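Beneath this line is the structure, given in structure tokens, with notes to follow.
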Amino acid sequence: MVAFGKKLKDRQIQEWQGYYINYKLMKKKVKQYDNQIKSGSLNRRHVLKDFSRMLDNQIERIVLFMLEQQGVLASRISELNKQQESLQEQPDISKIIELRESYRDVGRDLLKLLFFVEINAIGLRKILKKFDKRFGYRFTDYYVKTRANHPYSQLQQVFKHVGLGAVVGAISRNLADLQDRQGSYLSIYDQPSLPLQDSVVDSLQAAVDRLSHSTNFLNFLAQHALIMQEEFPTPVEEQVDDQRYHFMSLILNLANTFLYMVNTYIIVPTADDYSMSLGAAATVCGIVIGAMAIAQIFSSVYFSAWSNRSYFRPLVFSSIVLFVGNIMYALAYDLKSIPVLLIGRIFCGLGSARAVNRRYISDCVPLKIRMQASAGFVSASALGMACGPALAGLLQTNFKIYKLTFNQDTLPGWLMAFAWLVYLIWLWISFREPATETEANTGPQEPANNVENDVLENGVTQPLLLKVEDNQQDDENDQEYDESEEAPEESRQPANSIAEAYRLLTPSVKVQLLIYFMLKYAMEILLSESSVVTTYYFSWSTGAVAIFLACLGLTVLPINVVVGSYISNMFEDRQILLVSEIMVFLGILGSFHIVSPYTVPQYVCSGLIMFVAAEVLEGVNLSLLSRVMSSRLSRGTYNGGLLSTEAGTFARVIADVTITLAGYLGQSKLLNVTLLPSLLICVASIIATCYTYNSLY
């Protein structure tokens, strides 16, 4: 694997070499600044000013060349438009075909320009990241924030690229007018529902979509899945994705995600009642709910490893285990057995295939729709979380069939067992096992003269410039290589163990995992003990608890819409992060039973503040985490998604065990005893956040 400087040099278009970012020069300049600061001959303010001016000059040269090339392309299109006008008067099929190919040639040259913008944007981000790492603070944030929206900033051209969009539009419209019309010139505006079937236009649109990348709801939501991607994907990787992708298999993957989350939360409103009906204390509901999370700690690892070889077999195994687990959960009532109840829930946790769900999206979904698929993964999880308690509230009935009891305690188990059986049949019929990467690579080879066009049409595939913190730690363990040298292969390999993955985590990433642990702990305490607390203080029925929990779950997507579309565009991530932590702290503090009587408004309002703030915090934290985690954790068994899942699962396990242990002190003390650790962990995360970010700025 070669270093970035070498990659940058190899991917440059030869005739444009003088207009690319001079990465080698800037890298040497950063080293020079470091030596001068250490020797005392320069101060940091001078370094910031000088480096900013150098970046401005580099970007200005890139942008001016881009504008010059846009003018050339516009002139060529203008000439082709004149030819098209003459053909309207005297249609000639052979000339129409020739003209269409001329427009495509312009489109291919435009793809070169788009790829030029991409490679320079990545080079800019890399040098900013190297500067940050060398001097220990976030120059990137300062530079981007001051240049992104300034009216005189050349950086703005890369963001908005109005000229590029106009050229793309002109090519697309004219190709649409000429496409298979044989002299009939219908406008695309007359038939907007009909897509333009042209590979060059599709490539242009994909390229523009990537260049137009900005903070928005869809991208914000997609980042929650922690499905990270490598830079510079090759055309071969894109072709492999297309060969492995199967729409129905993706739907089945998302359905598995949804059903698992429903399965997790459908028992929450009735777990305390079920425990008491079997002769245990109501607070045993904590370990009943947490048994699934305990098993998930182990299942996440073996499912992640299994997904290296197959996707179909893990999903089949998951469905069967969940079917058996839910049957056991339902039968525990008639067997009068707490152990059977717990084993049933453990089986459900052993069927957690979320690692497979993530890996399928990461490995088998084409780049052009991977963001939508990742957002679908998060949305399916959120909807499952809301639907679980809502379904529990609808299962308020009691009857027997032979010796089997069907009531509010057992129906969640029976319903989910039936759902997993239906899913298993659907999976068996419709899922298509993706081809392995080896098989995909042995497909028909493209002719050599098409390689350059393939590179251009597939090259602009990644979100660019101002995902400035994306993969921020990907070189954290690499040495400084000269551009002609090669980096060791192992420095880019996936982690081979949890311990190795942990060593790849920088202090800031560890703080963010602590924040994730904290918010999952606080949310699990709120959700898992809600039935016990509300029954003790307010005498709520199962239906009332289900409505409360369903309403909390339904806030997930609207909150992410607001944060992803508005708040994250108005404030920095670190500001939202800290404010959200403080709001979680206030929500926890407000939930304590200090003054009697303990009222419904106090519980509901405090719980809502805590839950909503935790949702905002989770969104921003995972969005940031997906951008700063080492790229070595983007693939393999021990990936970033697995680490975050394990952190959240450990938090849920500890929270559920806390509820059960606190139950021995009596239900009157349960609320305060379980909230106290939440408060302490929240304070610790706030202190860690302040310390970490103050040391970076």
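Placed from the backbone N, Cα and C atoms, the Cβ positions cover glycine too.
The following features are taken from TrEMBL:
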type: COMPBIAS; residues: 471-488; note: compositional bias 'Acidic residues'
type: DOMAIN; residues: 2-145; note: domain 'SPX'
type: REGION; residues: 469-494; note: region 'Disordered'
type: TRANSMEM; residues: 250-268; note: transmembrane segment
type: TRANSMEM; residues: 280-303; note: transmembrane segment
type: TRANSMEM; residues: 315-332; note: transmembrane segment
type: TRANSMEM; residues: 338-356; note: transmembrane segment
type: TRANSMEM; residues: 377-399; note: transmembrane segment
type: TRANSMEM; residues: 411-429; note: transmembrane segment
type: TRANSMEM; residues: 513-538; note: transmembrane segment
type: TRANSMEM; residues: 544-564; note: transmembrane segment
type: TRANSMEM; residues: 576-595; note: transmembrane segment
type: TRANSMEM; residues: 601-625; note: transmembrane segment
type: TRANSMEM; residues: 670-694; note: transmembrane segment
Feature contact check the transmembrane segment (544-564) with the transmembrane segment (411-429), CB under 8 Å, 3 or more pairs: no
Interface present between the transmembrane segment (576-595) and the transmembrane segment (280-303) (three or more C-beta pairs under 8 A): no
Intrachain neighbours beyond the transmembrane segment (576-595), with Cβ under 8 angstroms and 6 or more residues off its ends: 515, 518-519, 522, 526, 537, 563, 567-568, 602-603, 605-614, 616-617, 620-621, 624, 671-672, 675, 678-679, 682-683, 685-686, 689-690, 693
Result, the transmembrane segment (315-332) in contact with the transmembrane segment (513-538) (3+ CB pairs under 8 Å): no
The domain 'SPX' (2-145): DSSP-derived helix, strand, coil residue counts: 126 helix, 1 strand, 17 coil
PLDDT averaged over the residues of the domain 'SPX' (2-145): 79
Cβ contacts under 8 Å made by the transmembrane segment (315-332) with residues that lie 6+ beyond its boundaries: 252-253, 256, 259-260, 263, 267, 274, 278, 303, 338, 340-341, 343-353, 356, 404, 410-414, 416-417, 420-421, 423-424, 427-428, 431
